[in-house]
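All remarks here apply to the structure that follows.
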Amino acid sequence: MASKYTNGELVSNMDDKYGVGGGVEDVYGEDSATEDQLVTPWTVSVASGYTLLRDPHFNKGLAFSEKERDAHYLRGLLPPAVSTQGLQEKKIMHNLRQYDVPLHKYVALMDLQERNERLFYKLLIDNVEELLPLVYTPVVGEACQKYGSIYRRPQGLFISLKEKGKILEVLKNWPEKSIQVIVVTDGERILGLGDLGCQGMGIPVGKLSLYTALGGVRPSACLPITIDVGTNNEKLLKDEFYIGLRQKRATGQEYAELLHEFMCAVKQNYGEKILIQFEDFANHNAFELLAKYRNTHLVFNDDIQGTASVVLAGLIAALKLVGGTLADHTFLFLGAGEAGTGIAELIALEISKKTNAPVEETRKKIWLVDSKGLVVSSRKGSLQHFKQPWAHEHEPVKELLNAVKAIKPTVLIGTSGVGKTFTKDVVEAMTSFTEKPLILALSNPTSQSECTAEEAYAWSQGRAIFASGSPFEPVEYDGKIFMPGQANNAYIFPGFGLGLIMSGTIRVHDDMLLAASEALAAQVTEENYKNGLIYPPFTSIRKISAHIAAKVAAKSYELGLASRLPRPKDLVKFAESCMYSPAYRNYL
Ligand SMILES: NC(=O)C1=CN([C@@H]2O[C@H](COP(=O)(O)OP(=O)(O)OC[C@H]3O[C@@H](n4cnc5c(N)ncnc54)[C@H](OP(=O)(O)O)[C@@H]3O)[C@@H](O)[C@H]2O)C=CC1
Ligand SMILES: CC(=O)C(=O)O
Ligand SMILES: [Mg+2]
């Protein structure tokens, strides 16, 4: 047990309201952070020097000032030099850039997060375009595949079948008490990489680091959770470094009971307003969990709902480039799972709202292809429930190319999880009847992208408007530079979650997703359009998130689902004021 000082008095961590770990209490809270806010001595409890240096929430490394070194027993524990956060940032970015292997950069970043949290977030916020592909797709995918080998320290909470009957106790083991958002996975569909079992933990950890960096939700309010019910991945089951349960996945009642215990325990421990984001569940569980808990919990499925909202935003923005309304377009999806049907449904809803046509009608402009071909009415008997609404009248078509020729889409969206499926023939066929084909290759990571940016531009003779789930570099084609966009739910969920949290929202409503889409689309500038972009750059993501949060919160107040009263007048300003700042504090 570490010793601690409170106002000069030695106390045991046992007595500390922060429990295990202890640390300098941040009396101003992380949300309304401003640099150089002084913490008065009588309100602060101070860890002994050694403990303080090893507490990632408060450690500043060489940036502890001379006075802090004296006040907090750090003399001798640090070399004499005193640094600034800016200089530390410069050094770490320099060091990161020396690594050739992206996974090594990932490991270095995770080490930083566990050593000095504020510096980690400062880096991520200031260098978002450079670091996003590391802490998020594509590199996080490789990290999950190799999670057992690169595992150093536990991140987040692991809840396995072994914890059945004890989940509430497990939640209480987590040191932070005021959790506002949980991202949870069971690891069965990690990006387009399939079942990675317990090693899927990289995803909730990565998503929550974006909640903080992109959405400004304070890190101590974020809890990553992996539910381990086994894995059907034979390779992992045989891998000596695998960190999860070595058994086949539990299914049926056993699975449902564990998940139900989890959902009840979370609500019991954190209350009605805890946001639970489901992430990378396989579709046979994802739709069911969302349907089962959407009326009793504040739940959000990022793959179904977040993806739908980000794609709809891109489509609304793209109308400026291609003209017409959404109702004028014909949509074809490769992939009819969570992402595909989620997006399709939100497009149909948006068109319905705009045209007053019933959703049953507006769905008819949207077609989906799954692994067996075009989803058509003659297949109805064997289709999963989420595909049923898309089984339109048409003769069976097996291949995507033939579906493209038959449907003549103006918008082609890849949500198959299978790379290289938008072939030259497919893109050329689409380009033959559409002046400006809109091509979204959403599958992650990069290896699973339906086509590359270069392929989309080259095969369409530079006519395609292209965006992808994982980032691609700008492409030079025919002497012109083309800027591919990134159509990724990372644009939506941080701001969406912030909007829910800051308004005390108790349930997610589809209209909030539409509001988020419109807010994101409104952030695309004329300059972006000139570059062929349908999404704004991630460099302005905090501003974007504040606008998304404000629109989501406004919708929540309008629907009577917000519990934070009175409603703040200026919701954008309020969102900004809630955002975590990673600037160091003075602990004096
Ligand atoms: N960019 C973003 O923000 C997001 C991207 N994604 C990505 O989308 C992909 C899919 O995710 P999700 O929808 O959750 O996965 P699902 O497993 O729910 O759906 C995959 C769909 O693709 C179909 N499919 C698989 N292989 C083929 C093939 N060879 N030809 C045609 N269809 C095929 C499946 O068919 P069947 O039903 O017949 O099995 C299924 O309908 C993943 O790569 C994921 O990373 C997901 C969420 C967000
Ligand atoms: C981006 C994301 O959520 C996915 O690929 O699953
Ligand atoms: Mg996902």
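Glycine is treated like the rest: Cβ placed from N, Cα and C.
As recorded in TrEMBL:
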- Tyr136: active site, proton donor (ACT_SITE)
- Lys207: active site, proton acceptor (ACT_SITE)
- Arg189, Asn444, Asn488: (S)-malate binding site (BINDING)
- Glu279, Asp280, Asp303: divalent metal cation binding site (BINDING)
- 113-294: domain 'Malic enzyme N-terminal' (DOMAIN)
- 304-557: domain 'Malic enzyme NAD-binding' (DOMAIN)
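Structure with TrEMBL features highlighted.
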| residue | record | CB count, 10 Å |
| --- | --- | --- |
| Tyr136 | active site, proton donor | 26 |
| Arg189 | (S)-malate binding site | 25 |
| Lys207 | active site, proton acceptor | 28 |
| Glu279 | divalent metal cation binding site | 30 |
| Asp280 | divalent metal cation binding site | 25 |
| Asp303 | divalent metal cation binding site | 23 |
| Asn444 | (S)-malate binding site | 23 |
| Asn488 | (S)-malate binding site | 25 |
Item to check | Annotated recorded positions Tyr136, Glu279, Asp280, Asp303, Asn444, Asn488, filtered by Cβ under 6 Å to ligand 3 | outcome: Glu279, Asp280, Asp303
Checklist entry - Measuring Cα to Cα, how many angstrom lie between Arg189 ((S)-malate binding site) and Asp280 (divalent metal cation binding site)? => result 5
Next on the checklist: Max CA to CA distance in Å over the (S)-malate-binding set Arg189, Asn444, Asn488?
Outcome noted: 16
Next on the checklist: Based on a Cβ-to-ligand 1 distance below 6 Å, what subset of the recorded positions Lys207, Glu279, Asp303 would you report?
Outcome noted: Asp303
Item to check | Residues within 8 Å of the Glu279, Asp280, Asp303 Cβ centre (excluding the divalent metal cation site residues themselves) | outcome: Thr185, Arg189, Ile190, Ile203, Phe278, Phe281, Ala286, Asn301, Asp302, Glu338
Checklist outcome for this item: Rounded Cα distance, in Å, between Asn488 ((S)-malate binding site) and Asp303 (divalent metal cation binding site) is 10
Next on the checklist: If the criterion is a C-beta within less than 6 angstroms of any ligand 2 atom, which of the recorded positions Tyr136, Lys207, Asp280, Asp303, Asn444 pass it? List them in sequence order.
Outcome noted: Asp280, Asp303, Asn444
Checklist entry - Of the recorded positions listed here (Tyr136, Asp280, Asp303, Asn444), which is spatially closest to Lys207 (active site, proton acceptor) when Cα positions are compared? => result Tyr136
Checklist entry - Once the DSSP letters are reduced so that anything not helix or strand counts as coil, what is Asn444 ((S)-malate binding site)? => result coil
Checklist entry - Roughly how many Å separate the Cα of Glu279 (divalent metal cation binding site) from that of Asn444 ((S)-malate binding site), to the nearest whole number? => result 14
